[in-house]
Amino acid sequence: MSKLRIPILLVLFIVSCCSAEQCGTQAGGALCPGGLCCSKFGWCGSTSEYCGDGCQSQCSGSSGGGTLSSLISGDTFNNMLKHRNDNACQGKPFYTYDAFLSAAKAFPNFANKGDTATKKREIAAFLGQTSHETTGGWPTAPDGPYAWGYCFLREQNPSTYCQASSEFPCASGKQYYGRGPIQISWNYNYGQCGRAIGVDLLNNPDLVATDPVISFKTALWFWMTPQSPKPSCHDVITGGWTPSSADRAAGRLPGYGTVTNIINGGLECGRGQDSRVQDRIGFYKRYCDIFGIGYGDNLDCYSQRPFGSSLPLSSILLDTVAAA
């Protein structure tokens, strides 16, 4: 078999020189059809050259979901998102456990790296961040504010979120406001995500609010896909990201706080104490407690410079104090 390896790799190299990549970071986070593995070079296949070292997605084939259901049961899911089907919640009864598992089959690396505690910590982090994005809780809410995640489905009082783009042009009459667990917004995000999961979200953005599996897929796509200069949320929370010297100088270290920075750092991070960051942490801690696992280090981003920001951290903090 070793004699065949060189020709196969040579073919991969030749193909890569002559056509566009098919998947992974080289193709905007696109997944391979039929559950095929995405190689480190951005090509789809099922052999060890594709599924082995450096594989980017679907590295175990199209199984997915099974491992996830052994980590979080339907009862645990319902306990975490305890009031999502309350009559006061806009999202009732949209967000289901089965839709979550079904969507995760397209992202088999989700909650599938490291020991059991690491896998559960990723689930807690994902549900914690998305619960904040969709929360219907308030300080004196029944069972506390962190039992009200996944209450909302669509952004309240939305804008159109349309930015001129030749690659992902806005469709006539369509709005790209926040929808679903991660509240995906802007035409370029709908376009990239739709391309990756194989759905035309530019022309049909409301699928994110009408099809629960697609809705969860958009959130998982965002979670699993790095977008330079940001790493993926998945890599950060599972220990797969090593901060550069620039990251360390900006206060960005492995942990839940950097996940918050990836999602909304421009508005929430590097500004000292922030109630939104506290809310994200509150959901995360509750879910970790339900799982019976530790929280890890670096939970907040109060002293982190947002990704892509060239301002000194002290300037961000000073601006915040001056505005207070």
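The backbone N, Cα and C atoms fix where each Cβ goes, and this holds for glycine too.
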Selected from Cys18, Cys44: Swiss-Prot disulphide partner of Cys32:
Cys44
According to Swiss-Prot, the disulfide involving Cys37 connects it to which residue among Cys18, Cys51?
Cys51
In Swiss-Prot's disulfide listing, Cys23 is paired with one of Cys17, Cys38, Cys55. Which one?
Cys38
Among Cys269, Cys288, cysteine joined to Cys301 by disulfide in Swiss-Prot:
Cys269
Over the domain 'Chitin-binding type-1' (21-61), what does the predicted model average in pLDDT?
80
What's the CA to CA span in angstrom from Cys301 (disulfide bond) over to Cys44 (disulfide bond)?
37
Count up the helix, strand and coil residues in the domain 'Chitin-binding type-1' (21-61) according to DSSP, in that order.
10 helix, 10 strand, 21 coil
When the Cα-Cα distance from Cys55 (disulfide bond) is computed for each of the disulfide-bonded residues Cys23, Cys38, Cys44, Cys151, Cys170, which gives the smallest value?
Cys38
Measure from the Cβ of Cys37 (disulfide bond) and count the other Cβ atoms within 10 Å, all protein chains considered.
26
Pull out the disulfide-bonded residues from the set Cys32, Cys37, Cys269 whose C-alpha sits within 10 Å of the C-alpha of Cys23 (disulfide bond).
Cys32, Cys37
